[in-house]
Amino acid sequence: MDHPSTSSLPRKKVKAGVKKAGKKTGKKTTGKKKTTPSAIGNRKGKGAACLLVLLAVLSYLAALSLGLYIMTGCISTTAQSNNIYLAELSTNTTYDMSLRVGYFGGCVSVTELTEAPYTGRNSSTQTSTHCVSNLRRKNLDDLSEDLWEPLKLNSSTIQSSLQTFFNTTLPQAKHLQENVFFCEPPLVHLLLFFVTGIMLFVAMTGTSRKRSYRAMLVTAIALSAFSLALALVTVLGSLQSMNALLNTSASGAQRALGDSLYISRGKAMLGVQGALVAIVAVFYLTMGVVFVRRTPEGGAGYIIQAFQNVRGPLKRMGRR
């Protein structure tokens, strides 16, 4: 009777030993460290975030440079600034003369024919250009002297023709600056873009748990929208104003005003303004993607939560 019970005991011990051995081997195999898909995803995410920040910084600097370039058009001849103008008043009579108008400054160019000695033939042309930083001065006589005196013209005949040209074009140039091409929209856009860019870069280093942080972010978003709208208004305003002056569509380039006087649009200025709008849009879009990637809720949840935190203080201020 006792024989079957004694024979079953070793079998149970063997099975238990097999189970223990299996557990030990399992521990050894799982002890090795392997690269998980989540770690690879984190590396890719950090690389994408760095690229986005780099794109934001580059677009921010490029937009600021273009904005300053637009505002300083026709202020001086350095960096080809005299080629960035809104409109040009020109004549092609005995001497080719032109007056280019920017938001603040203006440039005059005079082309003379130089004769080769002992031949009497026209050998070449010489163009003299000078710019003034402020074309909005009230005294036209002083303004005309500041424009033509540094040119160092060769004959008194050219000076007389240039003075007649200024008597006709300077009042029109001042009218264009004061009543057609307003300097306020591009100037306010540049200031708002500079301020909102700094606010957004500072917000990247903060935390979304503080209400002051979210209030600053909402303010930056509102000012950013206004800045982008001003950039768009500037380029469309320049295009529509010149279309009205030329009495043509965007493809028209020049119109005769009478007495061999012409007005033409500044195509380079229009191109730079369009590029500025595109770069500003890229900057704000990139910054939006950067902030959306920081929150698991996504962009809509992030903005809604920020507005909810600001809505309470605004209601209290309205009640007061």
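Backbone N, Cα and C define each Cβ position, glycine as well.
What Swiss-Prot annotates here:
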| type | residues | note |
| --- | --- | --- |
| COMPBIAS | 10-35 | compositional bias 'Basic residues' |
| CARBOHYD | Asn92 | N-linked glycosylation site |
| CARBOHYD | Asn122 | N-linked glycosylation site |
| CARBOHYD | Asn154 | N-linked glycosylation site |
| CARBOHYD | Asn167 | N-linked glycosylation site |
| CARBOHYD | Asn247 | N-linked glycosylation site |
| REGION | 1-40 | region 'Disordered' |
| TRANSMEM | 51-71 | transmembrane segment |
| TRANSMEM | 186-206 | transmembrane segment |
| TRANSMEM | 216-236 | transmembrane segment |
| TRANSMEM | 272-292 | transmembrane segment |
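Shown here: features listed in Swiss-Prot, placed on the structure.
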| residue | record | DSSP (3 states) |
| --- | --- | --- |
| Asn92 | N-linked glycosylation site | strand |
| Asn154 | N-linked glycosylation site | coil |
| Asn167 | N-linked glycosylation site | helix |
| Asn247 | N-linked glycosylation site | coil |
Integer Å distance between the CA atoms belonging to Asn154 (N-linked glycosylation site) and Asn167 (N-linked glycosylation site): 21
Cα-Cα distance linking Asn247 (N-linked glycosylation site) and Asn92 (N-linked glycosylation site), given in Å to the nearest integer: 21
Tertiary contacts of the transmembrane segment (272-292), as residues 6+ beyond its ends and Cβ separation under 8 Å: 49, 52-53, 55-56, 59-60, 62-63, 66-67, 69-70, 84, 193, 197, 200, 203-204, 217, 224, 227-228, 231-232, 234-235, 238, 298-299, 302
Residues from the same chain, set at least six apart from the ends of the transmembrane segment (186-206), whose C-beta lies under 8 A from its own: 53, 56, 60, 63-64, 67-68, 70-71, 103, 213, 216-217, 219-220, 223-224, 226-227, 230-231, 234, 280, 283, 287, 290-291
Surrounding residues of the transmembrane segment (216-236) on its own chain - C-beta under 8 Å, 6+ positions past either end: 185-186, 188-189, 192-193, 195-196, 199-200, 202-203, 270, 273-274, 276-277, 280-281, 284, 291, 303, 306-307, 310
Intrachain C-beta neighbours of Asn247 (N-linked glycosylation site), sequence separation six or more, cut-off 8 angstroms: Arg255
Intrachain C-beta neighbours of Asn154 (N-linked glycosylation site), sequence separation six or more, cut-off 8 angstroms: Glu112
Around the Cβ of Asn92 (N-linked glycosylation site), the count of other Cβ atoms that are within 10 Å: 12
